[in-house]
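Everything below concerns the one structure shown next.
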Amino acid sequence: MIFNFEASDSDYCSNVSQLKYYCLVEKCPDTCVPSILINSISYCISDVKESNKLGTGEGCSNTCNGVGCFYDKNNCLNCNCVYGSCVLSSQNISQCWCPSDASSTSTSYGMPSSTVECICNDGFFNTTTLDSINACKPCNTDCAKCNSNDKCLSCKDKHAYISGSGCKCNDMYYNTTSLIEEDSCIPCNDECATCDKVDICLTCKDENAEPSNTGGCRCKDRYYKSTSVDDFNKCTHCNIDCATCENEYSCLTCIDDKAKVNFTSCACKDGYYALNTNPLYCSICNDSCLTCINNSTCISCLFEFSNIESGFCKCPLHSSASQKKCECDEGYYLVNLPNKPFSCEKCDKTCKSCNSSTFCLSCANSSDTITKTGECHVTCSSGYYYKDEICLSCLDLCNNCSDSLSCNSCVDNANMETSPLIKCLCDEGYEKNSRICEAKYFKAKISVNVKNRISIQFDEILKNDLIKENFEISIENIKSFTYSVKKKDFKIFYLLLQFIEDVKDGTRFNLTITKTPLRSKNGKILEKYIYSGNLHEYLTISKVIVAMANSTKAVTQVVVSSSLGSSVVSNPAAAWMIINTIQLISYIPLNSNPMPDGLDAFITGLGGYTEMIPNPFAYIFDSRTLSDPYLQARKFGTKTSVFWINIGPSMVTFLLILSMWPFLYFFSKFNLGKISIKIKKTLKNYRYNFFLRFWIQAYLDIGVASLIQLRSEVKIPGSGYFNQMSAVICIIIFILTPSCIVVCSFVGYFNIKNKDIEFFDKWGSLYCEFKNDKGFWSTQYYFVFLLRRLEFLLSQVYLNAHPYWQGGLNIFGSIVQTGFLIYYRPFDEKIMLFSAIIGEITTTLAIGLCFSFNFIESQKIVNFVEEVTIYTIIGGMGFQVGISIYATIVSFYLLWKKIEKIRVISFLKRAEVIKRQENFMDDKIITSHNN
């Protein structure tokens, strides 16, 4: 390409020797005007050029008038373009060259004429001659053509018009992006004159319409849509009385709020009259009117039974208005005769109230009785009846009668015989005393022996036997027990108690005999049916159970140690999964479920892995600083309420890892090769991945210790208040942690989604093991994880008095976390996802099975469910341990492959060196032989 373009010596001169037959150069000038571009390399053409010679000085075969000819001496390098800029193709001048974003006025190939010029392409303009590369400047992005940066000549979008320095969409169109495409302007809703979204109008085509919040346009009040409002004048005026309407024949609301819709128009509401018409405006009637002609003329009355007098409504004499009607005064009744005004007439003198002159509703004398005919007479007491204005006695033991030969009911504890004559007799166990039947009682007493066998002894022989279903026993703070009934004879019965939890000395119990009435052979009735007493101490933990707890503890320690050890060479997430499962399950006995001793010992033993770690805080703080843990925590095995003692193992772990930082920092200053890289990478975890991982794993343990501390009382100030304050601070952080994770994740979601290295170096403990590929909530595994533990802890500690709510919430929390795992499948590694799901399913089943003991009464079923629970936990943890072992084996295999690869590469390098040495020796031998 030959073009007017300045270039330095270093740009062109170094390549001149390669083009000695093409370039007409004796020496390089300071600038190159014109120059030549061949194969994307620019070269100078000398200003001191001869039009009919090669660069070598030889003459051209043809007569040339440009800048010489090619090495073949036949083709001339003639350029007749206006700016002296031509494109060279196949040793010929093919067309004029124009700057970027411009084009030639000629599209023909061959020798261009001197009249051919360049013009800027659409979307560009020029203010100078087009003799430089960037002579064409871009228009405003909205413009198809322009003559300056701020003046369009035409717009790119055919539905836009020129506005200011750019373009705007025409009416009935809107845009959501810049107008850089032909279809950037989008049609509005058909009903819009202007809009800023597809269905959100700014103005409407019909002047009697207005933009609707739901999209498009709606007719203004007092207008209705006769057809679509996507045209002009389609909103038609309603009836003159209507505020809104469906059509000209149907009002929806009225202009006056005191009017109501009346078919095609409006009418005044009750209590109002038409003050004006066309349009209708209503005014209020007199207070007494329901409807009226004007303010002083009622048509109907507001209060029922009112009379219209001189245009106003009034209640009859001896009455008053109450609850929308006129009510006659006490001692009067209402008279309602056709075509006559309402009136109140006086009742009979024996009536306090009545509904006619002869029918009383209540009596003037409160002790009188109203007969079926509405008359008032003297009231007789029980066992008497009224006759001839006096009370006469009923039959013996008869409570209610109408004459001396009948009886409607007998006195209490008596029954009626009707054959041969009507009479009342006392029930068995009762005897007549004057006009009543009194009970004849026998008694019972209870006693408890040292083995908590309850004896109940009656002072008379029972008429019928007693079985287990005839007794109910409740024991204070004890739910896990069974009992059986043994009869010595018909006077003495034994209740044999069987406990599956410890019973403290002096524990109160209540015994209820549910069979009532209970009779003796002598026909007497038991006087008392509820008895109370105290139980003696009973301990349920046997050596077998203790051995089971210790075995479980030992196995758990081995499992946790092995998993943590394998995590050094494999994914540590496998170890976290096992520990997470153990943590939740081990705290199940902290609730109030009636759990068998063996299962309780097994589950409690799972948490014994923390005993591997020494606890120096037990020597720093006095366990007597606070009161004993609350009852359920003591049963769980917590020996002290002191916060720092209970979190000792966790804090020792934290301090040990933290103490490594100075050593790592010191060695990071030395060049130790690959070891230095690993040290620096480990140091990064102290900002802040190490602290996050510690808090996640210790979250539940610290939360439990905090709540146990807060439920205790300080006995020794200083140390006691220090532990109390530490627990308060931790529980605040404990409660806020889930919400903080959500907020921080939302703020850093862009970095999470794009796996920002710097962000993950600090916060990777929350996100690095996950795919984070299903939206924001797929990144919130640890929010769900910690929220589930927060709910679990609060229910375990504070809902012991409500076991059904407690168990239901715990099961619900486990199901939610399991559902999250199944739905989002957040883990990068499928094997880790499988381990997490197995752990949650195991936890859910363990909690559910333990919760079922609230409903099981059969000891045989209790034993079966206990075994199922233990095997479920062992099976689930076994799966997780297997996954951890598998991950370790895979890691070792990959490590072995890597070592083998290094060995192969090393072997090949040594082989190559040996081969080169052999070739060198062969060459040396050949050279020596030739010489």
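Note that the numbers count up from 1, one per residue, in the order the chain is shown.
Here the Cβ of each residue, glycine as well, is placed from N, Cα and C on the backbone.
Those TrEMBL annotations? Automatic predictions, nothing curated.
As given in TrEMBL:
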- 191-236: domain 'EGF-like' (DOMAIN)
- 244-283: domain 'EGF-like' (DOMAIN)
- 284-345: domain 'EGF-like' (DOMAIN)
- 400-438: domain 'EGF-like' (DOMAIN)
- 643-667: transmembrane segment (TRANSMEM)
- 688-710: transmembrane segment (TRANSMEM)
- 725-752: transmembrane segment (TRANSMEM)
- 831-856: transmembrane segment (TRANSMEM)
- 868-896: transmembrane segment (TRANSMEM)
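With a threshold of 8 Å between CB atoms, the same-chain residues lying at least 6 positions outside the transmembrane segment (831-856) that come near it are 480, 571, 573-574, 577-578, 580-581, 584-585, 588, 593-596, 599, 603, 769, 803-804, 807-808, 810-811, 814-815, 817-818, 821-822, 825, 862, 865, 868-869, 872-873, 875-877, 879-880, 883-884, 886-887. Counting same-chain residues at least six beyond the ends of the domain 'EGF-like' (244-283), those with a Cβ under 8 angstroms from any Cβ of the stretch are 221-222, 224, 226, 236, 238, 289-295, 302.
For the domain 'EGF-like' (244-283), the DSSP-based tally of helix, strand and coil residues reads 0 helix, 25 strand, 15 coil.
The helix, strand and coil residue counts that DSSP assigns across the domain 'EGF-like' (400-438) are 0 helix, 18 strand, 21 coil. Each residue of the domain 'EGF-like' (284-345) gets a DSSP state, and the totals for helix, strand and coil are 0 helix, 34 strand, 28 coil.
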